[in-house]
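**Q** My questions all concern the structure below.
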Amino acid sequence: MDFTTWSNNYSSDTIMSHTTSFTNSPTIDNIYISISDDNATTSECVRLSLSSLKICSQRDTVMSQASRAWMEDVMYIGLLPLLAVVGVLTNVINCVVFNAQGLKDRVNMCLFCLCLADIVFLSTVSIRFMNKTLTYVIDKKWAREVWVTSLVRFRLVALPTSFALVSNFVSMVIAVERCVCVTWPLRAARLLKTKFLAAFIVVFSTLVIAGMQVVSFKYDIACAVFIGLEHLPPEVMVLPSQLYQDNQVLLDVLDTIIFSSLVPTFSLVVVAVATTITAVKLRQAGNWRQHASGGGGGERESKGKEGGANTGSGADVINRKEAVLTRMLVAMSCVYIACVSPRVLRSLCRLLVPGFRAWGSMCNLMIATESLETMFLGINSSLNFFLFYSMGSRYRATLRRLLTRRTDNAESAKPVTTISRAYSSE
């Protein structure tokens, strides 16, 4: 969770070196009153140096500020709302379908949890960046001082990142589950119980959300005045909190290293490895099936030796259904890898490249890539419905059955009186 997103384009390090303690600042409830009062004093507000605190003060040789602003407008105002609407609606459909299929099945349960996480992520991230649209529709100052600061005040700033990480984790669980099923098909049912996976997902999600809520206390709201411009009314600003100043190392490690770098990188690596193994095993199984079918009755004989009672064409049908499901989930994992990789690369660049920071020589590029990262995460959360519908025959059948049932119920609810009245009149 980038500090530049919340701090009105000020660096946290330089802010803390130029500000007074927040203990002498007005309370949050009195900030708006003091600003609207013409007789309000600014002696208790945080004092900031305008010239020394502005980020992107160095010349960015990679991207100009105008290009950065254009890219943010395209992503946050043009593409993100569209992805949010499509993604929320399609994921609601996904939840209905998987619930109808039965959540006792571990794959349906995992996909149901993934869709729930994607719904919350798309909803919260669209709310988070709605201030970009409000800037054009209502007022720029209102969008910043009311919308953004309200998100900070009610500790909602970490929700998009929290549920993005939950979505990443559930995707990792699905990839590992398919890998185990393909590699050890006879042990998968014993190793991966539905209740165990559900408890695992709930515990991890709770830890991530709780940890990110702690990170959200890095920021606070205070009134601020600029040195040399004391005659102007004070502004409501998002600044480092007293908690952050007292525990800077701990919160930075929790935010920048653990949740922004290690967790998404670990999930991406595990998904990539598990998907590769699954694809290789699936290809080997397909080659074996072709070779066995070419031998005539050898296929049934080999199945009888390996599967016991599951011999003949029935076992072959089950294997083919499992293969279709696995191909669909492998495709979903490939989309995940493509969409989450930009986020991991950006996090690594922030850690390893000195200039790729809010006060570095690539400041505009760093901020612009955040919008690109958010868009890719939105794509990842919005595409699953189209994969499920195009590759999942059972998904299509369930969805059509639900739609047909609703249509039949609507038809049966209509009163049929025209024919009866005609006969009765005769």
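Yeah, the Cβs are placed from backbone N, Cα and C, and that goes for glycine too.
What TrEMBL records for this protein is below:
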type	residues	note
TRANSMEM	74-97	transmembrane segment
DOMAIN	89-388	domain 'G-protein coupled receptors family 1 profile'
TRANSMEM	109-130	transmembrane segment
TRANSMEM	150-176	transmembrane segment
TRANSMEM	196-215	transmembrane segment
TRANSMEM	257-280	transmembrane segment
REGION	289-314	region 'Disordered'
TRANSMEM	328-345	transmembrane segment
TRANSMEM	365-391	transmembrane segment
**Q** Pairs of Cβ atoms less than 8 Å apart decide it: which stretch in 150-176, 196-215, 257-280, 328-345, 365-391 has the most with the transmembrane segment (74-97)?
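**A** The stretch with the most contacts is 365-391.
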**Q** Using a Cβ cut-off under 8 Å, which residues of the same chain at least 6 positions beyond either end of the transmembrane segment (150-176) come close to it?
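**A** Non-local partners: 1, 6, 28, 107, 110-111, 113-114, 117-118, 120-121, 124-125, 127-128, 197, 200-201, 204-205, 208-209, 212-213, 215-217, 219-221, 238, 259-260, 263-264, 267-268, 270-271, 274-275, 278, 329, 332-333, 336, 340, 377, 380-381.
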**Q** Against the transmembrane segment (257-280), which of these stretches has the most C-beta pairs under 8 Å: 196-215, 328-345, 365-391?
**A** 328-345
**Q** So what's the average pLDDT for the domain 'G-protein coupled receptors family 1 profile' (89-388)?
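**A** The predicted confidence over the domain 'G-protein coupled receptors family 1 profile' (89-388), as a mean pLDDT, is 84.
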